[in-house]
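Following: one structure in structure tokens, then a few remarks.
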Amino acid sequence: MIKPTKHKDDSAEVYVVSLKSKSEKPNLDGDRLNIFLLILLYIIQGFPIGVSTALPLILQSKETVTYEDQAAFSIALWPYSIKLLWAPIIDALYINSIGRRKSWLLPLQILMGVTFIYMANNMDDWLPEVGKPNLKMIVRMIFAVNFLSATQDIAVDGWSLSVLKKKNVSYASMCPSIGVPIGMFIGSVCFTLLISEHFSVKYLGAIIGAGGVITMKSFFNIWAIIILLLTLFIGLFKKEKYTKEDGHEKISVFQNYKLLWEILKLPRIKVLALALLTIKIGFTATETVTNLKLVDAGVPKDDIMIINSVMYVIKFFFPMFICKYITSTTPMSYHLKMTPVRLIWGIVFAVLVYYTPSLIHIKGELFTIPYYYIILGLVSTISEMLSLFLMLTLLAFFCKISDPHFGGTYMTLYNTFYFLGWLIPNTFVLKLIDILTLNECSNDAQNTCYTKDLKNQCQANGGSCEMYVDGYYISMFICTTLGFIWYFSFRNILKKYQLVDLYHWMVHEKQLSNEEVNEPCIISSQ
């Protein structure tokens, strides 16, 4: 028998499997269509994330966007990190005749499809071939799509536990791990390459001036149609089961928020929250800015995306090779061992960025040098593997210290802290680079080109603004230093936390049985 409590963003229920149910082996007969449907829903969820990572590169290639503008754009990803704020509402309010999850899923996806159609009809005006893009409208629309996608994630995660047969609930964690990366790949790599004329001419033999394989308008329209057709299919043909298991008690919105508050009051949670909010500071400049600096150095964005396509292959297969570290009793120890390596490798990446202009330019002309791309691919691959290893071992640590009775809420809370720990320094570092980068006019040393008026004045006098201090390298030094400070500050604390008895992480006084403690946890791929 399965007793529902709570799961992730589904703040009212998680499935704790009794010994009787554990004896039933999973069997996908009758659930294959449901698995496929869930994967499609997670692909839809991953697409906006992919677009959000592709657009900064496209904007940077226009050479009219500053790092301050990139900092503003980074705000568009915030809904994924703060969805915990409205997750209890999504769980508690619904129309029973439509279905607990469909009540939210249907209108959210309809709005998402309509938003993409609106973007398709206006993106050419917002992002022209020549001239400065309308960054405000782009950020607003990407933020809106990400808000809808993040909210859809809450509904889909909850539905994944009830749409499958009880004995197949363990497959719920497989669907986002497959679907979200596919959606991100389509939204980032496919989106960038297929709309690029440079890619079509260089790799597909197209004629200059013919444009990309597909226009941005067509790409967004096609995706909107896919979303709306899938939504129509779910609305007409997919019925949501209504079950009320023994021992289930619906938790109200107020009770959900109260539970979160009780968790936050635990002494170790406060220290852990501080650690997670600062855990990514050492890697921020490397992960956020490096590709933008490569574009500035002259590396075509299409070539970067081709290399990134290899990174997605790594994301699919790399976890198989590090399974023993993820499933160990001390995953945080492995995380901490690799943290200094990841920090040092960020310095290696920065050195490559520094020498990139001299490696790809000969007498001022841009050349495609095969050995450079081999080096870039190798450095990027190692960087991606280190980053993925740190993320997976950290998620395993989250599972280890989550109260199984409220594992979903715990995991969502930990993930919220973790992603805020990426987004906050991400926005800050982009702004910091803009501040620390120093320029001067080529024919007027007194003109610092710090404001738009000064830049216009320099150009009006026949000069050009030239950089003599690159804020990227200063930010790299600051981030790496802070990363090592974080490492030595929290290393011993986090090692001890993974050994603390699970009872100390619980918000109630009930002692868990061995079966409950050993329950597998469902991890979101985000």
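Glycine residues also receive a Cβ, built from the backbone N, Cα and C atoms like all the rest.
What TrEMBL records for this protein:
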type	residues	note
TRANSMEM	35-59	transmembrane segment
TRANSMEM	71-95	transmembrane segment
TRANSMEM	104-121	transmembrane segment
TRANSMEM	141-159	transmembrane segment
TRANSMEM	171-195	transmembrane segment
TRANSMEM	207-234	transmembrane segment
TRANSMEM	271-292	transmembrane segment
TRANSMEM	304-322	transmembrane segment
TRANSMEM	343-360	transmembrane segment
TRANSMEM	372-398	transmembrane segment
TRANSMEM	410-430	transmembrane segment
TRANSMEM	471-490	transmembrane segment
Result, the transmembrane segment (71-95) in contact with the transmembrane segment (304-322) (3+ CB pairs under 8 Å): no
Contact yes or no, the transmembrane segment (104-121) and the transmembrane segment (207-234), 3+ Cβ pairs under 8 Å, gap 6+: yes
Most Cβ pairs under 8 Å with the transmembrane segment (71-95), selected from 141-159, 207-234, 372-398: 141-159
Most Cβ pairs under 8 Å with the transmembrane segment (471-490), selected from 171-195, 207-234, 343-360, 410-430: 343-360
